[in-house]
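Single-structure report; data block below.
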């Protein structure tokens, strides 16, 4: 577990310094029947749709970055979740990064979010809708204490757990990544209803948002799903291992991104050949 964590730290710290990618130059979705292609961290999407920026139930942050595209299944999930949150009077759901118009690799900020099936949702639920200025330059609330071992009690709200639980109980959701301290708090608060917790996975950072991932759509034949999370609530030894100091390791070297799935490479080639 520890060696795997150290390796993944190297990957996470590498992402922000990756070079610009051609995917950022594609400003509109690729026409075609919606298809998520490849893996979540090495893929693309055909027929992506933009999440409507106007909704009574949610607001989209940093829309100027044009990261609000996804497979229709992802848009449907966001509509379902935000409607449920509205019905339960949790507050306004704040939508962060989804995917770029054709998916693909980001130059910074994410290793995944490439196949149109990932969305970041902030773990704050304002009662008052944000202004356009707040949405363009949002200020996250760090819920995790400095020592990284617990949430800050004054910032933790029951509505946050309710939002995560609603997302985890959605049939299309396979994983929700949160900071280990947030997972720990969910384990403490869950009570007898714990089945949903196995989808909530501890991960680096994620101190102010949850990263929700959907299963591959049934008609996306080239989409690569992850293995199902292990059974159980994930609140035992695996979770505790995240709070142990990592062993010393050599400084990681630079690694090149893997080759694209052939269909994604063909998509890029065709797009730039017709420019």
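Even glycines carry a Cβ here, placed using N, Cα and C.
Pulled from Swiss-Prot, these are the features on record:
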BINDING   110, 113, 120, 211  Zn(2+) 1 binding site
BINDING   147  Zn(2+) 2 binding site
COMPBIAS  244-262  compositional bias 'Pro residues'
DISULFID  44-264  disulfide bond
DISULFID  187-235  disulfide bond
DISULFID  216-223  disulfide bond
REGION    227-262  region 'Disordered'
SIGNAL    1-19  signal peptide
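Overlay of Swiss-Prot feature records on the structure.
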{"residue": "44", "record": "disulfide bond", "Cβ contacts under 8 Å, 6 or more apart": "23, 37, 38, 102, 103, 104, 114, 115, 260, 261, 263, 264, 267"}
{"residue": "120", "record": "Zn(2+) 1 binding site", "Cβ contacts under 8 Å, 6 or more apart": "95, 96, 97, 98, 113, 209, 210, 211, 212"}
{"residue": "147", "record": "Zn(2+) 2 binding site", "Cβ contacts under 8 Å, 6 or more apart": "none"}
{"residue": "187", "record": "disulfide bond", "Cβ contacts under 8 Å, 6 or more apart": "197, 233, 234, 235, 239"}
{"residue": "216", "record": "disulfide bond", "Cβ contacts under 8 Å, 6 or more apart": "36, 117, 223, 224, 225"}
Response to the item:
Under a three-state DSSP reduction, the secondary structure at residue 264 (disulfide bond) is helix
Item to complete: Just name the winner among 110, 113, 211 (the binding-site residues) by count of other CB atoms within 10 A of its CB.
Response: 113
Worksheet item: To which of the disulfide-bonded residues 223, 235, 264 does the lowest count of other Cβ atoms within 10 Å belong?
Response: 235
Practice prompt. With H, G and I counted as helix, E and B as strand and the rest as coil, say where DSSP puts residue 187 (disulfide bond).
Written response: helix
Worksheet item: For the Zn(2+) 1 site given as 110, 113, 120, 211, which other residues of the same chain have their Cβ within 8 Å of the site's Cβ centre?
Response: 96, 97, 98, 109, 112, 118, 119
